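Quick look at what Swiss-Prot lists:
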REGION    1-85  region 'Disordered'
COMPBIAS  23-53  compositional bias 'Basic and acidic residues'
COMPBIAS  66-76  compositional bias 'Low complexity'
MOD_RES   SER103  phosphoserine
ACT_SITE  CYS137  active site, nucleophile
ACT_SITE  HIS319  active site, proton acceptor
REGION    388-426  region 'Ubiquitin-binding domain (UBD)'
SITE      ASP412  site 'Ubiquitin-binding'
SITE      LEU415, ALA416  site 'Ubiquitin-binding'
SITE      LEU419  site 'Ubiquitin-binding'
MOD_RES   SER441  phosphoserine
REGION    441-469  region 'Disordered'
COMPBIAS  453-469  compositional bias 'Basic and acidic residues'
Amino acid sequence: MEYHQPEDPAPGKAGTAEAVIPENHEVLAGPDEHPQDTDARDADGEAREREPADQALLPSQCGDNLESPLPEASSAPPGPTLGTLPEVETIRACSMPQELPQSPRTRQPEPDFYCVKWIPWKGEQTPIITQSTNGPCPLLAIMNILFLQWKVKLPPQKEVITSDELMAHLGNCLLSIKPQEKSEGLQLNFQQNVDDAMTVLPKLATGLDVNVRFTGVSDFEYTPECSVFDLLGIPLYHGWLVDPQSPEAVRAVGKLSYNQLVERIITCKHSSDTNLVTEGLIAEQFLETTAAQLTYHGLCELTAAAKEGELSVFFRNNHFSTMTKHKSHLYLLVTDQGFLQEEQVVWESLHNVDGDSCFCDSDFHLSHSLGKGPGAEGGSGSPETQLQVDQDYLIALSLQQQQPRGPLGLTDLELAQQLQQEEYQQQQAAQPVRMRTRVLSLQGRGATSGRPAGERRQRPKHESDCILL
């Protein structure tokens, strides 16, 4: 014991010195006669290597705590382990703030750059911006319209553009707009709309909050995001409409927006009133059957509402696309970066709800160099055959609109849609009856439901007896 008492304090001090600064322990191991000088040198070494004073205090506190258990313990391993733990924690605490400011630097170049595709548009080389996966489709859809309208121009050799440059061009367009009316009230309202649009600009790079209404192709719940489209004079359309020939769906959906309809479905399904439960189920079925967010009635209304040669933004499946109308047909601008080198792929036809479309070039001629299906024709065909295919395609589309109308003034397509809708209505009408019968059967299981169940059980008994014989 006498041998351990004079040596235990020295390892304890050595443990604290090693836990903080291992290099100072070798220098300070020589002078054992002046422990105060060694403590002062330890403090100086700690202050030089570690600037924060709190980190120099943490090991000293651990050293003070080690002095009390030393007479009880015969060895000093617990001392260095307790002395090293605060050091590890302080090192991690110092290293974490150093990594945080580096993360924004690494994230900056990732979503900023977008490839520019040059297309011949009405006799002039015009740029359009392509997007990769999860790109800022609202910003690109608006900017592509401004490029196609030649309100924003880029240098001829521009191949890559950043989102900051796009935002700057869009901001300049908004600030250059002047109110048409000179009255003070309208000017104040116009200035307020400009301020709202400028505050919304950063959201265009991430996504817009758009809430559709199912009553019209241009019916949206007004939000500050819509002020950007209003100021630029860009129409915003959608095709998610309720068919007026389905009165039950019209009654269940009404004039509600999408968010309001979802809330109503939840409240109706938890209601004790069977009529409200039925309306909630009908509204829920409407959302499920129209999950593509485009109906045939909406497509017809969209074709009628869009003007010839008009450039607009089409919203579907939480995606914004640049849309135009050419010769009574709707086309969507192809902005997928995978078609960057495909000069003949510029527009995509929108004539079907199921997504069956065709690619066209900048002059709305059917593209033969690339197709969506495996049986698409290649570019090796002669010009005569390509021209014949173009004519056949245009004739097929024109016949779709020039079909002879029946006694009710409906085309074959509309008649087929009406028959499909009538069948859908019959299914909807049968569902409430089935639901009510189920509710009644659940309520009156005691007496009425026993007889048919007993009869159904007797039949398999006879069949089983016959099988056994």
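Using the three backbone atoms N, Cα and C, a Cβ is placed for every residue, glycine included.
From a predicted model like this one, the values you see are computed outputs, not experimental measurements.
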Original post:
Near HIS319 (active site, proton acceptor), how many other Cβ atoms are within 10 Å of its Cβ?
Top reply: 12
**OP:** Calculate the per-residue pLDDT averaged over the region 'Ubiquitin-binding domain (UBD)' (388-426) and state the result as an integer.
**Re:** 58
Original post:
Near the residue listed as 'active site, nucleophile', which residues of its chain come within a Cβ-Cβ distance under 8 Å, counting only those 6 or more away in sequence?
Top reply: GLN131, HIS319, PHE320, SER321, THR335
